[in-house]
Amino acid sequence: MAHTRAHVFVSGRVQGVYYRATTRERAQDQGVNGWVRNLDDGRVEAVFEGPDADVEAMVEFCHEGSERANVTDVEVEYEDPEGVDGFEVRW
């Protein structure tokens, strides 16, 4: 099974709307490793590592986000996995 890493930047109303917490819960349910954090410019940055299909499911989730989010753009860069273990919210 092939593994990949997606480095994602999400724009819109994505801070203060439980986007990071919801992303962490979904990633843990999906069995994907990585992290998520708020950026000073109002975007959310996330990294997902795992099997291709599971990482793609997380990228698709980023287009929706939490119930209160309003996503306007998702930028994705695919990279070689770095062996991240677990999933965390970074500050």
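Each Cβ is built from the backbone N, Cα and C atoms, and glycine gets one as well.
Feature annotations, courtesy of Swiss-Prot:
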- ARG20: active site (ACT_SITE)
- ASN38: active site (ACT_SITE)
- 5-91: domain 'Acylphosphatase-like' (DOMAIN)
In three-state DSSP terms, the structure that ARG20 (active site) belongs to: helix
So what's the average pLDDT for the domain 'Acylphosphatase-like' (5-91)? 98
Could you tell me how many residues in the domain 'Acylphosphatase-like' (5-91) are helical, how many are strand and how many are coil under DSSP? 23 helix, 36 strand, 28 coil
